[in-house]
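Read through the structure below, which is laid out as structure tokens, and then see the notes.
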Amino acid sequence: MSGPYAPGPYGPYGQRPPHAAPPPGYGPPQPGQGPPRPGYGPPRPTFMPPHYPPPQYGPPQQPYGYLPQPPPPVRFSEGTHRLHWATIPLRAFVFMVIYFALLGFPLLLTRTENGARFLDAPEVLLRFLVVTVPFMMVATGAALWGWFAVRFRVDGDDLVVENGVLRKRARRIPLSRVQAIDLVRPLMTRIFALTEVRVELAGGEQSEIVLRYLGRGAAQQLRAELLARAAGLPGHTPEAPERPLWRLSFGALLGSLVFRLPVLATIVLFFVSLIYMLLFREGGMLAVAVPALLGLIRAVFAPMVMYAGFTVAMSPDGVRLRYGLLETRMQTVPPGRVQAIGLVEPALWRAIGWARLEVTVAGYAGERQALSSVLLPVAPRHVCLYLMSQIFPGTNVDAVALLPASAKAIALDRADGAGTDDAIFVSRHGWPGRRTDVIAHARAQSVRLTVNPLQRLLGLATVHVDAPPGPVRVAAADRDLGEARAIVESTARRARAARRAGGEKARWAR
Amino acid sequence: MPSGPAAPAVPVPDGLVQDGPAPAGPVPAGPVPAGPPVAHAYPQRPEYAADQAFEPGSGLHWMRLSRRHPWERRIMAAVWAVPVAAVGAFVFAQGGGAAGGLLWVALVVLGTVLAWIVAELAYRSYGYAERADDLIVTHGVFVRRLIVVPYGRMQFVDVTAGLLERWMGVATVRMHTAAAATDARIPGLPAAEASLLRDRLAQKGEERSMGL
């Protein structure tokens, strides 16, 4: 064990001299198979020439091929910022497309004896240009004006968006009220790698801020900065790391969309009507086939395009969703912003243990509610339950024992039930499809007891635990009247305790 | 031990029926009939029998609306009834003779009488009580409702009064939460009392405000 070629137990070439004693702990040496591999630790290089510079010295190595260096980070808290310059050509282009479809294309046509025809005569081209060039200038001017009008900056704990060139209007948004931040990449903006930033706020008309459009990297930085400040951290905090939770494969999505009773029935109806039409030459069956096809497009193809590549990830900043084939959406819902969750199990899905998750987030309203209310289009039930336990921490929906509704109720089966623990209120109803609605006591807005005339005859009542408007309505239906009132009181008390315990934090990192 | 109705006896899990001080401690296991809560476990809790379901509880009494509230509704009904009766009677008399016109007027009078009765019932059904941490409102003639709104959840409280309401010296207090379904409004309060109630609610809401 001496000499220039054996400085260590393995030598400079990673070869252990055959006569050397085996290092302790690795077992007997295997002759002729090289050094024994350690069972743990980083993999060591088996061969390293002495002249090779170690990677930790010297300047950072450029990887092979051309990779653009990332631009220096933009500080949105310093100075005033504008939208990406490519917004101007994009808006002008969209305007010109509409112009061409409505007015420009007919200008190229000339009326002849054989109807409208395309003639490549110079006067036709001149006529087209005389109309088109002013339109193009107007479009460019309007797009330039629109770009010039919008300025934004992060000022302390507020996002300030200024609008207008001559008459200025500034909106100041306290970031503690942010409910969700979405990055949307419509198909049109892919050319310039642009991204739309939507900041959803709680309550009222115009409760969203839309910045249309930012560069891709700038949008992500803005989101990171807004989330960091909303969480109560310094604005230059890098984006929180995320932990992938579920990735929906295309096949699973398609299968789940088709594997539903109404969809299967519609498919059968479509093919039966098609075969009938071909066999008996009965054109009237088109009245059945076409609506069936339209229904299929709406129920299968539209969600398929919308939710393709659905990915759910958890991060300290909340739940992150990414999805979309043509229009990519990236949603971030910070902790405590999910008001209520619904676990939806259609009849066939229940048989194979699939489920869908819907959420109520206070910021989303109207059309955006429909676009953004799905938390998981389809996943195994246990994944859905795990995600629910992540959103309402420390809860297990399945562990909450549900009391069935009163036996006096008129119902198809005894599936209806409700239950509660100290953190959440759970209600379940529906047959053969079933949905389970969950609200955290800390998020309940009010508790209501209602008795409709039929229920009054039977001595029953329904208890509602109200959340902001959304797809999830939590209600314990058809309880006995006295029990219902007891539920109201206990729910109010639990909600109070949950709120006092600090069940909600506007700034989740503090 | 109260005897339950015909409901199947189910083991009661932590808390839906019985009502421990949250966070709830261990609960008695075993079958407990659904119905009134287990009064023996927590004797200090109010016991809710079916006929107590719309009482304010904890020794409180419902605060009632002003007697002027049903009269405001009645005057409103009458104000609507007169033009409806006149125009309808005119149209029917043109088309079907005097009998049609009279029938229409009779129908409108019947509707007005019903509205007057409902106004009285609505007045009797309304009640509100300010509890330690929440406001509790009950109302409803056909669908009975009981609404519990925590003070900390009120986003804002407003007082409105229409023309007739102002003339009669009453006003409506409305509580807004983030949930649109909450719909807690108290109509027909004397105007001075309404603004006092609003100020009290706003102050309590401010003290307990929780954000969204």
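Heads up, the Cβ atoms here are built off N, Cα and C, so glycines get one too.
Annotation source TrEMBL lists compositional bias 'Pro residues' at A:1-10, A:19-54. Taken from TrEMBL, the feature region 'Disordered' covers A:1-54. Annotated transmembrane segment per TrEMBL: A:90-108, A:128-150, A:257-279, A:285-310, in sequence order. What TrEMBL records for A:147-225, A:307-374, A:424-488 is domain 'YdbS-like PH'.
Counting residues 6+ beyond its ends, the transmembrane segment (A:90-108) has Cβ neighbours under 8 Å at 116, 118, 124, 127-128, 131-132, 135-136, 139-140, 142-143, 146-147, 188-189, 191-192, 194, 213 in the same chain.
The DSSP breakdown of the domain 'YdbS-like PH' (A:147-225) into helical (H, G, I), extended (E, B) and coil residues amounts to 20 helix, 41 strand, 18 coil. Confidence over the domain 'YdbS-like PH' (A:424-488), given as mean pLDDT on the 0 to 100 scale, stands at 91.
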